[in-house]
Every structure is written in structure tokens, then in C-alpha cells.
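Feature list (source: TrEMBL):
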- C:556-571: compositional bias 'Basic and acidic residues' (COMPBIAS)
- C:34-539: domain 'Cytochrome oxidase subunit I profile' (DOMAIN)
- C:556-577: region 'Disordered' (REGION)
- C:45-69: transmembrane segment (TRANSMEM)
- C:89-119: transmembrane segment (TRANSMEM)
- C:131-151: transmembrane segment (TRANSMEM)
- C:171-199: transmembrane segment (TRANSMEM)
- C:211-239: transmembrane segment (TRANSMEM)
- C:263-287: transmembrane segment (TRANSMEM)
- C:299-318: transmembrane segment (TRANSMEM)
- C:330-352: transmembrane segment (TRANSMEM)
- C:364-386: transmembrane segment (TRANSMEM)
- C:398-421: transmembrane segment (TRANSMEM)
- C:442-463: transmembrane segment (TRANSMEM)
- C:483-504: transmembrane segment (TRANSMEM)
Ligand SMILES: [Cu+2]
């Protein structure tokens, strides 16, 4: 360690001698001798910060490992409720944002100011799309009661309870209203921010303040991207509504005692749902009612319901390719698994991990906005690009954590 | 430090230039590699690999993470000390995981879970 | 050796006294100039005030605990709620002492003041982050006070589940506080690592750093690596209480032992956050006041790093009786013994340093000697607790209480006081009364032993910790302990009075009152706000050969035989023994 360290310092020293006739540039803090020393300090600082982030997340990975090790079947069963398509899309979005971020660092080093602003705006937009998709995922699950253990109330027989039904479960009317309309609550802050930014944009145009216009313009696009993400989520989720339909089909067959293997592959298939849409709520309820009335065999019923639930809810991309597996694993597992202390535990961990990750995305957005404004001000050059680089490293780490979260949460069998 | 290729397109003037812009082509190829690996990891989920499943998934994720770290995070050209700092953190994560998971695994026989009544069709469970 | 007077014909180097404009304490005025200061020295002073207040508060709680334990049935709290009140009392004492005092005491207060000056840098690498971590400390303190004035806190400082998920007291406020304090600690550590790595002036190689810097560096490694795990643990605990996530709560098939793993993954390394900087202080104090080169510099330096890293392997020794698997307990017990090796190396090196040194029994040295004695007892009794068989008997008894107080109070607090007395002239430019200082160290030493030695006996006889009442047969030892605590309180008060008195009546301190060779003594007392106008010439921090006592002005000065135009040729990296 010591020898590794001796190099940069002696390096610094020699540069200090070379650079004595330079005056202290504005971007160089008083207690540093050279821009390189400042950059190296910041770089080591951000790496150490990333170390703390890694260890911070490690706690949740340990919790995940312990409980998955304890009850693998719970994780397999519960994971079916996560929409692989949405997860994969979000992975792609984050990877792309990492690309634009790395590119932004390049632009800051080469002094391409316009392009830097563009790249930062692209990164921000991706992060917003990510959050938009996440909002769809969360709100959908909240409405169905796929919540942490203590509040988990998912009922395969009634996956989409009304507010009145929620109140009978012991929720206050306010909470019930929130759970039922959580998407609106999630979107509201972003809408307010969007309106604010648009107002800022208009104001800056009216005032003729070029700098503010140049800041507000990309930020407007960024805020709009959130709703783009929401839209994307809705479309892909409705894709899994097709899954609903197909699953009802399955359930129907099953109820009639017909092997369902023919219908299932349309649901699975790498998350690409080919079955035609059949997502009217009427058919859904009718199927349920029929099942509920005509069968006294609770074993069969729960099996049907669980199966239907899996396919019908968010899981659109059931990741299973062959039916035998589907037959053997899930129906058994899910029947026992869809309870507070089982699936609820999975969702606890799911919300902790993705929630903390989402908070990190929000934090990243805040610093990226700060960078974007500075980039419009043309603060960065080849001797002062540290902030872009540091934020970039942070952003890549957030991406890196998602790279692990995605397969661990969405792709379990 | 010695492999730190100093670029010529900076604006450092006479000063020492410590910026090292990544070529766009490299960024793009890393991105495409990552996308392909994502597709692979989603695709492999449809094959049952039994208990190797987690290992395969984690191996692909680690490969992706390595790509991100080496190129996007510029670690391949960073100071050795910074590399040691970042990579070292995973050693401590490993300690944490191994001891805690190992102990949990060895004591899980004595674990007496509370069982929820499973009545999925009738009402909410519990 | 720094005996005798200045040889004739030699050049005396002494920076003299700072002007009002240079003095970091007076170069700008007004409360705002302190609140928004980015000067590491002022931030260090603010930390010093902050942690002292926290210590005063928690110390009063400690006295209340001891007062209550005067009688077998409890003297302070009576009636149905007595046990609850007692639980809250010791919880707040422990939590405030650990999170608000011991962890930030030496690294944040003394470290902030000393690290850049010792290093020869103008400031820490990230001054704004430094100020931010001070305000995070304040915010964390506010949360703790909120918990106190809310519904109290009765979980013990460890917040063990399942009790912490079921109790009605302010667990969330306190854990939020600890979470915030954790980030304060992380940012301080991060700052020091970067400062020591990148801000060293030319000539300050790794092995020319004073051992306090090595200790701070090792501490910072732990702060950066371990504290985030505390953060996520407390966050999950808050989630457990609010959302019932069922990770730690057995009600939802969570695992309380997992909570303990999480908690001690941080908190065992955290005891090294508490004690390592104390080692650093003692290494410097022993060398300076023995006026002799530190013995085994590299061993002490490396043992700091070794302790920091080994400290991550032994957390399970807090959980031997908590329900871990037998295999895990054996592994952790075996690993625990490895940590004693680097700790012992340090003690041997300090003793070897003093051997044949010319020891000045100044106040800091008195504290340093007390430290060695008390820490040795604290460390050796730790081996009883690391041994599986004895721990089964001693776990959760007063033996444990006595053990960690010998390390935390007899170790960290005494070293902190020694450090404060040592650097007080540098920090505030005033000399205190030596007699008063020595007296306080003596009272503290006697009071401390009187408080905690009986507790070893209590514990080995089976008195469990955290009990508000006890069997009458323990009364004698408990009363002894209480009287000792009062004496300890008097000793600490004496120290405070001596120090505060010096601020108003003390003689102006010379630049180098102790004859130390590290860089902070080469600038004026107090240092100028810029520390060093240009990067200082870095020499061997433990080479006392050029330092002579100037009896005329009652100060030590650096003496050079003759002025040389060409600097002496030195090897690039000087082996420092
Ligand atoms: Cu320990």
C-alpha cells in the first residue's frame, strides 16, 4: 500500500514545482496546490464513498441471501409477481444512462460543452424513465396488497380489492384510498416539478434570460421523461394484462378439468406475450365468481386461484419455459407461499432493496441537475472535470447495484 | 500510473494533463456488450439449470459489473490504490456474507417459523 | 536527548507567538465566523465543545445510575415504574456515551485539529464536508435529545430486536439519530483518509508520519467500512418498526440473531474506532514525554492497520450466548484471540520506549501512564470474555461492564484527556496549572479503579448487568463502586476546572512546550489560520536530538548547529526503525 501511494504524491510534488508560475485558477480550492491534486483527492474521496455505498447495500444482500437460503420456494413463488419485462426494460434504461454518463465525462474532459449538457440531460431522462416504470411497478403491487410482511394482504381470489374492501381489511380510509390510487400519489410530485420547470422555462423565455432557458429546456424534457416512463410501464403492464386474459383461460380450462398446458406457453415465452388481449374486468370477475361458487374443493380452488394469480398479476413475463415445471413448482409453492410471512418477506426485501436503490436514483438526479446547470455555465474543462467524473462514478455504482438486483429479484426460479 | 495514457485532445496547454477521455467507440461497444449480456441473462432464465441457476445469474451479473467498473468507471486506468479501495470493499462484504449466512445456515434447523393459515380463496391470508 | 541548555554558537529556531490576525481563534470574529468556518481547527474546537457537553450529560446519567445502585432495592427510583426508569437511564447513558462522545471524541475533536497540522497540510481535503459532518453530529445529538424528551429509550444502546420492535419508547428517534451520527462519522473518516493520502507535503512519507496519523488512518478505514452497515441495520430496524418487514422481527419469522450479526459487524469494529485513536495519542505522548525515540515505530504503525482489519473478523464474540451455531462460536472465539496480538505489540513498544527514557511526569504523561495500566487490565479481561467457556459464565454480568469500561473509559477517555492536556497549549495558546493537571489525573485514576475493579468481582460472582436491584450480598461492592464513581466525577471536574482556568489565567504557551518533534509544534501556539505559509520541512517525527530546553524562556526550541547552504543529503525514504 505504501509503495503504491508514494508515487502519486511525489508526482504531485514535482508538478507543484513545475506549476509554480501558474496562478491559482478559480476552480482550484485554496488548500490544494495543483488541479491534479484536487482531482486525485476528489477521486479517492468518491471511491471511498462508493465503498460505503457497497457496504450499505451489502446489509440488504445479506438479508436477501439468508432468507432465500432459508426458503427458496418463497422466493421462487413470489418472484413470479415481478414483471420481468419491466425489470429488463429498466435494466436497459439504466445501462443506457450509464453509457450517456460515461460519454458525458468524456465530453467534459474534451470541453464539448453543448454535448455535455445533452449527455447529462439524456442521463437524467433515463433516470426519470426508470422511476416512471418503477412507479407503475410499485403502484400495481400496492393496489394488490403485495406489500411488506406486516401489511401484506394479497388475496389471490381478489387481487384488485376496492377501497371498501381494503377498509374491511383494517386499513383506514385514507390508507385504503392511497393504496388504491397510489400511482397518482407517486406521479403527483413529478407533475408538480414538471409544472414548476415549465413555468420556469416560460418565465425565462419571457424575460429573455438565455442561461435560464438553456437550463430549463433540457430539464423540461427530463421531467416529461418520467411520464414517458409511466406510459411505457402502462403499455408493458397491459401486455401482462394479456397475461391476465390468457391466465383466465388457463383457469377456465383447469376448472373444467382440461389440461392447461396448451394455454400456458403463450404467457411465458420470455415475457413476450403473444396471446390476444382479453383484459376486460367483467370476464375476470365472472371467472372468479364461477370458480368461487361452483367448487367446494378448496385445494383445487386455491391451486386455481394461485395459478391464475401468478399469471394474472404483474408477472406478465412468467419466466418459465416448460410446462412441467410450471405444473410442478409454482402451483404447489404458491399455495403455501402467498402469505404474510412468506411472500410478504420477499416483498419486504424487494421494497427495501429497490426502494433504497430508488432513493439513490433520486439523489443521483439531484446532483445531475446541479451538474447540468454547471455544464450550461461551461464550468468544466480538461483540468477541471472532477464533479462530472465523481457523479459519473456514483451513477455507475447505482447502475451496478441494479445489475445485481435485477436477476436476484426478477429472475428467480 | 504508467499505463495512464494521456490524451492529446485536451486543452491543458503546457500543464500536465490528467484527463483521459474514453474513446466513443469503446463506450459504445461496452454498452452493447452489456445489453447482450442482459439479453442472455433474461434468456437463460427460461432454462432450468437447477442449483447452478444462481451461480450462472451471478456470474453474468458479475461480468456485467466488471465491464461497468473497468470501462464506464474508468477503473482500468485508475490509480492502483483506488482499485484496491474499491475491490477491497468486496472482501469485507464477503466476510459479512460468509459469516452471517454461514451461521444462519447452520442454525436454520432450530428455526421454528410461525405458520400463516393458508386460506387463499376465502379471505386475505391472515 | 533534550537535556541541558542551548549549546553556544547554534541557531535557534522558534516561531514565537502569533499575531491576532494570524491566530486562528481571533483572525475573524463573530458567531457566524465560527458557524460557517471551513477551518479544520475551528471545527475541531467546536467538536471538542460538543463532545464535552455530551460527555457531561452522559456522565451525569452515569452518576445517577451509580447513585441508584447504592442500595439493593434502588435508591433513586421507587415504585412500579422504577425498573423502566432505570432501563431508560442506562440506555441513554450508553447510547449518548457511545454515539455522541466516544466515537467522535478523539477522531473528530482532536483529529480534526491535529491531522492537517501534523501532516503539514493547509486543511483537510474536503473542508465543506468536514463542516457538514459537524452539523450532522449536531443533528444526531438533537434526535437523541428528542428521544429523551419523547418517551425515552429503554432498549440498551444496542437496540436488540425483538425488544426494540415492541417497546413503546422512542426507538425511531434514537435510531435516526444514530444513523445520522453514523454518516457524520463516515464523512470524517473519509476526509482523513483522503487528506492523509493526497495532502502530504513533499518529504512527508508514510513512515515519517506521527503515529497518531497512522492510528487515525486505521480508524478512518473502519469508519468507512463498518459504519455503513450500521446505517443499513438501523434503517432496516426503522422499517421493521414502521412497516414490519420481518427481517429481524420473529413475529414475522425474522431472525433476531441476524440483527445481532448486523449490529456487531459494525459495533465490534466500532470499539476500535473508539480505542485506535487513543493508541495513537498514547504513542505520541509516551515518546514526547520520555524524550526518546518511539520504540518499534513500524510495528506500532502496522499494528494499527492490523487491528483495523482483524477487527472485522471477530464480531461474533458478542453473541456467544445469543444462539449462534457452535461452529461459528468456536471460529469467532479463535479469531478474537488474534486481535490481542497487535494490541499487545503496542503495549510492549510503549514500555520499551519509556525504558531508559528521560521521563517528564507532566500531566499528559500521567494520563498516558494511567492509560497503559488501565488498558492492559481492560485488554486482558477481554480474553476471559473471548474464551467460550468463561464467557458462558461471565456473559451479561458486571464483568463485561467492568471490562469495557476499562477499555472505553480507562482507555479512550483517559487517552482523550491526556491528548487534550497535551495539545491544549497548542489549541488555545495557554499553559494550565501542572499541579492541578497532575492532581486531576491522580483522582481520576483512583476514582476509576475504585469504580470498576469491584465490578469485576461483582460480575464473576454472578451479578447480572442492567438490573435496577440486586441481592444484599452485593451491596458492599456496589457501594464501593458508587463512591468510586463520585471520586471519578470529582477528578473529571478538577480537570475541567484546570483547563478552563488556564484560558483566563494561564501563561501564554510557547510554540513547543513539551519538546515534541512533530510538525504541529513547529507552528505558533495557537497555530495561524493557514497552518503553514509554505510546505514545512519534514523531519523524523521522533527525532528529539535537535530539540533543546531553553530555560530562559521556558520552552523547547529546535537547535541547529550551524546554517548550511546545501541541505544534507538524505535517502529518499528514510527507514524509521
Ligand atoms: Cu467486540
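Each Cβ is built from the backbone N, Cα and C atoms, and glycine gets one as well.
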>> Using a threshold of three or more Cβ pairs below 8 Å, and leaving out pairs closer than 6 in sequence, do the transmembrane segment (C:364-386) and the transmembrane segment (C:131-151) count as in contact?
In response: no
>> At a Cβ cut-off of 8 Å, and with pairs 6 or more apart in sequence only, do we get at least 3 pairs between the transmembrane segment (C:442-463) and the transmembrane segment (C:171-199), yes or no?
In response: no
> Taking contact to mean three or more C-beta pairs under 8 angstroms, with sequence separation of 6 or more, is the transmembrane segment (C:211-239) in contact with the transmembrane segment (C:299-318)?
Replying inline: yes
>> So if I exclude everything within five residues of the ends of the transmembrane segment (C:171-199), which remaining residues of that chain have a CB under 8 angstroms from its CBs? That is, six or more out.
In response: 95, 99-100, 103-104, 107-108, 111-112, 115-116, 119, 121-122, 124-126, 129-130, 132-134, 136-137, 139-144, 146-147, 150, 153, 155, 159, 164-165, 209, 213, 216-217, 219-224, 227-228, 230-231, 234-235, 237-238, 241-242, 273
> Between the stretches C:45-69, C:263-287, C:299-318, C:483-504, which one has more Cβ pairs under 8 Å with the transmembrane segment (C:398-421) than any other?
Replying inline: C:263-287
>> Given a Cβ distance threshold of under 8 angstroms, which distant residues of the chain, six or more beyond its ends, lie next to the transmembrane segment (C:45-69)?
In response: 25, 34, 75-77, 86, 89-90, 92-93, 96-97, 100-101, 104-105, 108-110, 112-113, 134, 137-138, 141, 413, 420, 427, 451, 468, 470, 478, 481-482, 485-486, 489, 492, 496
